[in-house]
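According to Swiss-Prot:
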- 39-97: domain 'VWFC' (DOMAIN)
- 104-1268: region 'Disordered' (REGION)
- 170-182: compositional bias 'Pro residues' (COMPBIAS)
- 212-227: compositional bias 'Low complexity' (COMPBIAS)
- 236-248: compositional bias 'Pro residues' (COMPBIAS)
- 290: hydroxyproline (MOD_RES)
- 293: hydroxyproline (MOD_RES)
- 296: hydroxyproline (MOD_RES)
- 322-340: compositional bias 'Low complexity' (COMPBIAS)
- 427-443: compositional bias 'Low complexity' (COMPBIAS)
- 604-626: compositional bias 'Low complexity' (COMPBIAS)
- 611: hydroxyproline (MOD_RES)
- 617: hydroxyproline (MOD_RES)
- 694-709: compositional bias 'Low complexity' (COMPBIAS)
- 710-721: compositional bias 'Basic and acidic residues' (COMPBIAS)
- 742-758: compositional bias 'Low complexity' (COMPBIAS)
- 776-787: compositional bias 'Basic and acidic residues' (COMPBIAS)
- 826-841: compositional bias 'Low complexity' (COMPBIAS)
- 919-929: compositional bias 'Pro residues' (COMPBIAS)
- 1063-1072: compositional bias 'Basic and acidic residues' (COMPBIAS)
- 1093-1114: compositional bias 'Low complexity' (COMPBIAS)
- 1127-1141: compositional bias 'Basic and acidic residues' (COMPBIAS)
- 1171-1181: compositional bias 'Pro residues' (COMPBIAS)
- 1211-1226: compositional bias 'Pro residues' (COMPBIAS)
- 1266-1499: domain 'Fibrillar collagen NC1' (DOMAIN)
- 1314, 1316, 1317, 1322: Ca(2+) binding site (BINDING)
């Protein structure tokens, strides 16, 4: 029992934490949604919940079944064996009155009441209950021979109740109870009140460690659960103390007539007889009320997968279809007055699924996961493009001395040729012929798991499996990972028009210019004010039939239907989200090899992985390429005198000889690190079909599915023929309940038994659970392929996918047909007068507009001098709009206007189609090496240490006698590298190891000392000395050619004298090339500068005269790459050289940079979503411009930027079980598994035969693994941190109040909180006031500098909003500026958890009134604040929307700097934080103000 609790505790805590969020959501949604699918019943004005049972009359019993009332009549027992039966009040059936002295005394005990309704059982296993009452009396046994009449003996002791039987299988879960009204606020938080009920009985509260709140009112009764399966009979217990006399049992059925006995004589009264054996079980009584759900049974064996169920009957007609196409938009109505802001709307219904979003940018690399089990080897990939040559590696250890080669034929010494001009890059040579395939090597170590192949076609229908036992209801699982973005939904209708924007300040009237020509059509302006609703349009045409509606309420259990036709295979579904990593399955049989997939695109280079496990030795590789020339070694000590060679000059290097024979197999080398995953190879031929696999291990039992619809009632079966009567056998042990036999002939009257009270008539029982699985049937033949199934219902709308990278520009499309004319936009406000254009041709005369109002007749004056500009007059009444005249010809385009302020967001446009995939971006710079992981288990021998300093070559010692082979010792720690010994004799060539990963680039070593002279070669004939050619002029430097493959090893050159180090000079202008100087030593590497813009190509310099060839300088250290230089002019073509010998095969290069994008191919199918890119830092918020005049209504814009990911939707219904997956690759026990499971010992005995494969073998060694204890201890610590988080970034609290309750000793300061729970990645840093429990979030930025923000020639004493109206002003933001949306989301949850909010705002002023106007003695010029719900908070008016002032030194305009401190405190937490501020007394050039935004605090 305690073990169960310990296992359940972590899950239980997760359930409790989930419950907090669910309860909050439920409180929001219950008020709106009512009671979901459950339908109550009403009878005689009384309302009953679904599944309620009641008795409207004594002899009638009813049940509410989803709105339908089912009643049944109670039938009474025909005969009561008593003198005067009595019918109790309110009951239907009479019972025997229990009189004293009748042997049935009840000792004052009252009648047994009706069975109460089951309460709500929490998902907590309680302690084991007491034994149940004794079963019903058995039926009467066969009549025995008549015995002598005995005296009645005293009542024997009653036996102790037997132990309870095996718990029955759990019933299907009942439907949810009707939601209760929310209880009053508890002392703690809403979740505490919910947990208080659990705390009273189960003790759960004390385990979880929550502070209980006050108990809410009891909710209405939940529905009745289904009856659990009857448990088996327990063993008979030892006799108990005498119990109270039981009620009289029912009369047993009459036994068969026995043979007549001989009449015996009356005997002496006998001794008390022993208690008789328990009689056979009586016939089953009327069905009782369904019992409370039983305890979860033991986990059964995994059942076989069942066949696909029969096709259901045709569903009810679907709900109303989708709306027809949107009708034409009505004419724009007149502009309505602006309405007050409405309260926040309720949560709308889930929208239709959007279209699949474009792929998002790749995400940040996640933290390195644990080392996975090595997967099976992937198929070899296509060879990658040749990469750039890697940096020169560190010098390797000195190799063994090779065998002496044969002397080559002497060649003639050629004369040195003239240096040729630098040739242009040659074209790449043709691809060489494919080599013959090598012999098959031993199997490699398992590679990483391959990407999942395409879904195979549906296989033939399998044999119907035996039904599995119903599984135990599991605890609620953790929330699954966020699913992949769903496809784009269909285009939604045009959204409602937004609210009317704020009216801008009145502009000065301009001088009336002459009418300009009609300009070209302007760019679309900002969205205008919305018009009032138009008249309702005509009724649309009948829409198409809508999709199938959501499933209706669950019907009552029907009779089993007849099996339907096999369904057609459904359409292929979308790829599901990757599931949670399941437990490692048993090793399945090897499947047939699948067809090779198409080669995928080359992936981006991943971060360097951990070294793989030691692989098996690979096949012998081909001969390696010759290495680069080694640096000269130290001069060796003279060796022993060699045999005299023939003197001769050194001949030229002979051609490379053919590869030698394979040497003997060398010792196994240390394993190289795992190479990069190769690309998938070309598709191989399809393999032959594999043999059918063995029957798989039965899968885990699936979750209990929803009850199916009620089937049609089956026909009654035929009656079987009666069997032959058998001979009476010996009396056996009491059996279980047998089925009722055929009615026997009436026997003689038995002795009347004690009459028991009749039980209540039970309700018709629900369908019983599935029977135990029958024996395994023979394997059936493969069924024929079923007909195609009907398409499934549309899936629920997926989450919107992440925003994909912009695609490449597509080819210019053909010009489309002219679209329908857009809606007439509302009239824009008057723009500034443009500069006078040239007079255009006169347009056609428009229709005359209606006559305007008569003006006042003015007195004609003499034309005076132009006066100064007057103040703006009030606008005259607007005349009625005339009908639009015909379009005039296009005029000259006007000057470009200034940038307008950002308009209000436009209405949501139709989602555009997904853009094409953009060209691949340039390869990113290789990232820095990741941090070192924790030390692993004992690994293979470490990497070779850095080579030590060269030792001198020791004298050659005499060869010692060979020693005997010693035992192999454990690998010791790496010693310091010793001095290099003399070269040993050449060993046999080892097999080529696996290509290692590229090592980190080492610094270039210092040049070595000259090596020892080689043995003199045979003398070749002296060649003729050629004439020395004249030195050619130095050609201009050509552009860098491609990196060539390594050439054959050249002879070592003589050491040159090192040049002196030159001083690092400043970079001068580029001069003409001078004569070639002596090479200087390598300068110190400079820090890499930024890549400059490519310069213009320089003019070709004059060639300098050739300088003498200097001795080669010492190789300097390799510098860091400099900036890209300008591209030089192309050199002249050199003479074509002789064709060289074929070079050695080069190393496989690294992957090259991606080539330029090719022409656009045909539209491919949607690819696999790429990884998310790292999120770029958001740019700084720019200042808002002045509010522009609203322009005409623009065309429908492109789809908007994808919104942030919404909150997780409600959990959908469980999907149907998928087909069984293919068998996984054989796994390897990794070190981590070895730690926990213990090391498998091959000498362990096999499992005993009496244990089946899925049971644990007995552990005779009884090992205890310390790794398990450490894991449990770590898990316990993590759970403790989950229960009481400490406010760190890794373990954020939910609110500061929670933190205060869990850690009352903590001081006030900054802590991390995560109000929406879930991932800790979106936790925010806040200030916690530990004295009050307040959670305070700071503004960002927290102040506005004091200056003149608003200048107006005619201040009109109206509030001017800093964020909306003023240039460079913006509304106040809160939280981290790098992720402002996170703070907004968290504040939404924080408001749900808080009952009060407060905030202070400080207005810093100079010559500007903040609150009280000292001159006018009123509050007309007080600052106005705007809350988060767009509510204006003022100095006067309704007290709920009024702030208080803590300090005010801004009442006088005396040139001093003052400040006014406002405070607003409210229990409507949606009004805070303050997001904008509007001073009234601003506009003058000497008026300045600034703002300090205090943190908003919730408690």
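Note that Cβ sites are derived from N, Cα and C of the backbone, with glycine treated the same way.
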(message) Quiz question: given the binding-site residues 1314, 1322, which has the greatest number of C-beta atoms lying within 10 angstroms of its own C-beta?
(response) 1314
(message) Using CB atoms and a 10 A radius, I'd like the single residue among the binding-site residues 1316, 1317 with the highest neighbour count.
(response) 1316
(request) Indicate whether residue 1322 (Ca(2+) binding site) is helix, strand or coil by DSSP. (result) helix
(message) Cβ within 8 angstroms of the Cβ centroid of 1314, 1316, 1317, 1322: which residues besides those meet this for the Ca(2+) site?
(response) 1292, 1315, 1318, 1319, 1320, 1323, 1386, 1389
(message) On the 0 to 100 pLDDT scale, where does the domain 'Fibrillar collagen NC1' (1266-1499) sit on average?
(response) 91
(request) Please classify the secondary structure at residue 1317 (Ca(2+) binding site) using three-state DSSP. (result) coil
(message) Is it possible to list how many residues within the domain 'VWFC' (39-97) are helical, extended or coil according to DSSP?
(response) 0 helix, 27 strand, 32 coil
